[in-house]
Structure formats: structure tokens, C-alpha cells
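Colleague: What follows is a structure written as C-alpha cells; I'll ask about it next.
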């Protein structure tokens, strides 16, 4: 299998470098062209925001407008005289929308009151979620082997029960003479469950699947042990007595990413709201005088030759340069927003990867771990690799834009689609979804290589991809084991905190001595939803850091195996547990033991 992988994905294995001691200190700026392009887009984005702020008017969304073109509840600046009762009726009818909006505003006020009453307890729920997430990760060092094997045994046990149940059903229907051929095609699926052949088919399928899973576990047991050891090793990053003050800060780094993403979303929302509702100049038609006016005002004395002159609202002026390019500005806003969001995520991944790589490549842990590895990695990423991070983010942004365009086409043409067109669109959306997942996977590992070696994006992506493909079985096993553990961790945190918040905010749990009562809430489900959603974000933030740690240590582990052989000149940097699983050791350690 190893020979086949090397034949399909040859590449150049990492060579031993006696000067390599972790993330390279001497490096240069990478992907400068993309860096300049990204900076230009950011400057353009700022310019779009300034134009939106200067010329936009969000009142087009916040307030309804009457037949004169003015916002309801806002004082008119133009003298307007209604010439007929019809105009007065139009103004009155349009103003009914304000009455219809009272209910929504009242609900919003009640929700705000609920948050004002319950916010301390919401913070308590989020604090509990943070503590539970931390405890789960800390306990993984000791419980990871047990959890993994319990889950594996659980899957095998579920399959064994399925086999027994199918055989039991098969035996029960043995006396019936009916077959699937006799029944034919029917939409009543329960009929098929009363046929012996159906349960025989289920029995064969589940038995084959069970055998495949069992054989896979038997042949991959060593790689499963490696995955468990890497998961345990990842937790060691945070608990070494000297490294804890430096590495534990990485657990809080998701707060930085969250704040930056919040800034991006807020800027996008404000920019999208303002230019979309740009303050058009009002165009009035002067009756009898046949003169078009703008919003500067109207005075009948200016038209002495036409005493019957009066103004009525016609439309908003949409012929200006800014107004004609609103759609293009919105497209620019959306593309720049996606690029910025993906860049912020890439910056976080590269920063964390650099910090965790500093831990792995410290030969004597924790003495060789550099001071403040997270801060140093963050500075290196911003100083040298903005272009590379922007390059990877741009590729992902283009794929996401293609998915959005395809979704838009599907939405607009759904009524006119035939089965063939729906099938083609479904296949295209599936392909783009897979492509996006692959790009995210490739980018993630490319950022790890960038953080370690300081190469440009293309070289880092190629090296990471070839390294992973030379160890594809280990990649699959580690990825699935990690995903399984973290999925159950998120489920535990969100479900546990959600159930606790439900019992508390619904009044089923009463704490002695506190003044909060569920009867004071208008909608007790709003704090519950807030706590559940916040718990998910907290668990996702903590677990994403841990997942990045596992991926970084895994790539370093693979590089370690290719670079070194355990000799005095090329010792391994991996932990003793990993060396024990692989039946490897450092000759220097053996020599010390022999002397002892």
C-alpha cells in the first residue's frame, strides 16, 4: 500500500536539515502580487463604505413612504399642496403601514425586556458552556482511547443487533408464501417489510457492512492508535507546566477571530444597507408649467405666468452616476466581504499552526519552546504572508461565488426546469460543494506549511498535498477519529447546556435566594435559544483550536518520519508514546539508558 501511494503521489520526501528547529525565522514576503491586489480591494472597499455613508439613506428601509415621496413620520421639507381628495386618501391609506408595524415593534420591545431581565443568567449559561468545553478537551488526554474504542464497539454492536433483528424478522415471515414479485410496485412501503426476501436483503447488506468495518478496524488498528496518540499529544500542548502560560492563550484566540469577523459582518451590513437605499433626489412635476423640479423646494411665485402651477411627486431620480452603479457596488461589497471573511479565518489558522509547530519541533519539551509562540506566529503571518493568505482566501471566495450564482440560477429557473435540468443543476451544485470542501482542506494544510517553512501558497499547498497523499490512510483515520470525538463533544456541550437552560428559564429549576422568576419573561424561549446558539459558538471555537492543533501536529509528525530516523544525527522529535506505537526510538535515549 505504501509503495502504491508513493507511485501515485511521488513528490520529494522531506530531507534532513540539521539547522531546522521549527518554524523558520529567516523568511521573506510571499505572493506579493496578491498582497497588493488584496490591499487595493480593501482600499476600494473603504471607499465604497465612505460613499455609502455620504450618499446612502437607511430610512428607505426603516420608514414607509407616502404618495408625496416623503417618509412617514418625518417632516416634509418641500411645500406640497394636495390638489384633490384622492391624494389625501392615498396618504392616509399608505400610513396604515405604520399601524401594522406596531405589533412587530411591540414584540421587539418585549424581547428586549426579556434580555434586559435575563442577561446575567445568559452569561452564566455561556460560562458553563466554556467550562464544559475546556473540561472535555482536558479529559481527552485520559479518556480519548476509551471514548474511541467505546464508539467503535458501539458501531459494531449496533451492526450485530441489526443482523440479529433482520434474521429474527426473516424467520418470522418464513411461513408466508408471498414474494416481492407477487407484490409488484406499490407506494405502501410497509408491505415490503412483511416479505421474507426484504429482510434477507437487509441481512446480507448489514452482514457485509459489518464484515467490512470489522476487517478495516483490524487492519487499521495501528493507525487508530496513532490517531489516539496524536489526539492525546495535542492536549499535552496546553498542560506542560512551562508552556501552559504561553500555549493556553491559543484557546482564547477564537475571540480575536470572532471580533474580526464581527467587524467584517457589521461593515458589510452597513455598506449593503446604505448604498442599496441611496438617497435619491425627488423629482416633482410642476403641473401646467411642465417643469421638473428637484428636492430643493417649490414656490408658485416663481411662475407668475402660471397661477395654477402646483407640484406632485413623480419618482426618485435614478439617473446619477452613483445610482446607475448600485448593482455593481453591491456585487463589489459581497465579493470583498467574502474575501475578508476567508482571510480572517486563514489568518487564524496560520497563526495557530505556527504556535503549535513551535511546540512539536522543540526537542526538549518544554525547555526549548520559544517564548510567546502565539504572538510571534501572529506577527510572522501579518509581516510576511498576507499575500499567501489572501491568495488562498481568494480561491475559496471564487468557489463560493460560483455556488451562489448556481443557487441563484436554480431559484430563478425552478418553475421552468424539467427533470433533466434539475438533475444537471443538482450534479453541478454537488460538484461545487465537494470542490469547496476540498479547497478548505487544501488551504488549511497549506497554511500549516506556510507557518512552518514560510514558502508561498502554491509551493506550500503542493508540498502539503503530496505529504498527505503519501500517508493517505493515516489522514483518513485521523480525520474521522478526530471528527467523531469533536462531534460528540459539541453534542455534549450544546445539549447539556441547552437542557439546563430550558429547565431554568422555564421555571422548572428554582435557585434559593435569587430574584429571577420565569414568570417575568414574555418569551422564555428567547434566552434558551441565545444560550444554545452561544454554547455552540463557544464549543466550536474551542474545538476548532484543538482540531487545528491535531492537524498541525499530524503534519509535523509525518515530516518527522521523513526527515529523521532516530539516529544520533537525526533524532525523532515525536513523543515517546508515538515512538512506542511505531516501534521506533532515538538511539540517544537508548545510549542514556545503557549508561544508567
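Heads up, the Cβ atoms here are built off N, Cα and C, so glycines get one too.
Please treat TrEMBL annotations as automatic predictions, because they have not gone through curation.
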Colleague: Given the ranges 167-188, 255-276, 277-298, 299-320, which one is assigned the annotation transmembrane segment in TrEMBL?
Modeller: 255-276
Colleague: Out of 331-362, 427-458, let me know the one TrEMBL marks transmembrane segment.
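Modeller: Range annotated as transmembrane segment by TrEMBL: 331-362.
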Colleague: Transmembrane segment per TrEMBL: which of the ranges 146-164, 564-582 is that?
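Modeller: Of 146-164, 564-582, TrEMBL gives transmembrane segment for 146-164.
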Colleague: Give the range, chosen from 84-103, 224-243, that TrEMBL lists as transmembrane segment.
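Modeller: Matching range for transmembrane segment: 224-243.
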Colleague: In the same chain, who gets a Cβ under 8 Å from the transmembrane segment (487-511) while lying at least 6 residues past its ends?
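Modeller: Residues 118, 121, 125, 128-129, 132-133, 136-137, 147, 151, 517-519, 521, 524-525, 527-528, 531-532, 535-536, 538-540, 543.
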Colleague: Counting only residues 6 or more past its boundaries, what in the same chain has a CB within less than 8 Å of a CB in the transmembrane segment (331-362)?
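Modeller: Residues 20-23, 38, 41-42, 44-45, 48, 234, 237, 243, 247, 250, 253-254, 256-257, 260-261, 264-265, 267-268, 271-272, 275, 368-370, 373-374, 376-378, 380-382, 385, 389-390, 392-394, 396-397, 400-401, 443-444, 447-448, 450-452, 545, 548-549, 551-553, 556-557, 560, 573-574.
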Colleague: Any chance the transmembrane segment (146-164) and the transmembrane segment (119-139) are in contact, meaning at least three CB pairs closer than 8 A with a sequence separation of 6+?
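Modeller: Contact absent: fewer than 3 Cβ pairs fall under 8 Å.
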